[in-house]
Structure formats: structure tokens, C-alpha cells
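Please read the structure below before turning to the comments.
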Amino acid sequence: IGMVVECKDGYLVGNDGCKYSCSTRPGHYCASECSRVKGKDGYCYAWLACYCYNMPNWAPIWNSATNRCRGRK
């Protein structure tokens with residue numbers, strides 16, 4: 001029996017709509033944060049923000065079209 005599981009990749013965002021910053025965090029920070037929302041793996045992209053792989057569809061990711069970080073669009 002086959003099962004289709006939808007996953008997505010992207011920048012992890014917090015409740016404020018902002019990307020998770022990683023510039024001053026330890027190397028494993030992003031991988032830990034991504035796995036916390038059931039992502040497969042993650043890394044600190046250009047030492048600025050956490051990028052996650054294979055996250056479930058319910059996990060919030062940053063989108064430039066709907067960016068609401070600190071009330072901005």
C-alpha cells in the first residue's frame with residue numbers, strides 16, 4: 001500500500017512571521033529547530049536564517065508574497 005506524504009522546504013518562521021535568525025547561534029541550532037517542527041534537516045543559510053528540508057505542510061515557512069515580519073508586508 002502506497003502512501004503520499006507532502007513535505008516542503010523553506011525558511012522556518014516564528015509566531016511574529018520573521019525568519020529564525022541563526023547568525024549568533026551554534027552550528028546545530030537550525031537542525032534542532034527544524035526537527036522540532038518535524039523537519040528532516042536544516043542549516044543556517046548564509047549565516048542569516050534557518051532553512052529546513054522536508055517539513056510537514058502545517059509547518060510555517062517564510063514567503064516573500066505574504067511576509068508579515070514585524071507587521072510589514
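Yeah, the Cβs are placed from backbone N, Cα and C, and that goes for glycine too.
Pulled from Swiss-Prot:
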DISULFID  Cys18-Cys69  disulfide bond
DISULFID  Cys22-Cys44  disulfide bond
DISULFID  Cys30-Cys50  disulfide bond
DISULFID  Cys34-Cys52  disulfide bond
DOMAIN    8-70  domain 'LCN-type CS-alpha/beta'
MOD_RES   Arg70  arginine amide
SIGNAL    1-7  signal peptide
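Positions of the features from Swiss-Prot, shown on the structure.
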residue : record         : Cβ within 10 Å
Cys18   : disulfide bond : 16
Cys22   : disulfide bond : 22
Cys30   : disulfide bond : 24
Cys34   : disulfide bond : 24
Cys44   : disulfide bond : 20
Cys50   : disulfide bond : 25
Cys52   : disulfide bond : 28
Cys69   : disulfide bond : 13
Arg70   : arginine amide : 8
Checklist line | Composition by DSSP (helix, strand, coil) of residues within the domain 'LCN-type CS-alpha/beta' (8-70) | finding: 10 helix, 22 strand, 31 coil
Next item on the list: Determine, to the nearest whole angstrom, how far the Cα atom of Cys69 (disulfide bond) is from the Cα atom of Cys52 (disulfide bond).
Entry: 18
Next item on the list: Please report how many Å separate the Cα atom of Cys30 (disulfide bond) from that of Cys52 (disulfide bond), as a whole number.
Entry: 8
Check: Any idea what the Cα distance is from the residue listed as 'arginine amide' over to Cys18 (disulfide bond), rounded to a whole Å?
Finding: 7
Checklist line | Those disulfide-bonded residues, out of Cys18, Cys22, Cys44, that come within 10 angstroms of Cys52 (disulfide bond) at the Cα | finding: Cys44
Check: Where Cys50 (disulfide bond) and Cys34 (disulfide bond) are concerned, what is their Cα separation in Å, rounded?
Finding: 8
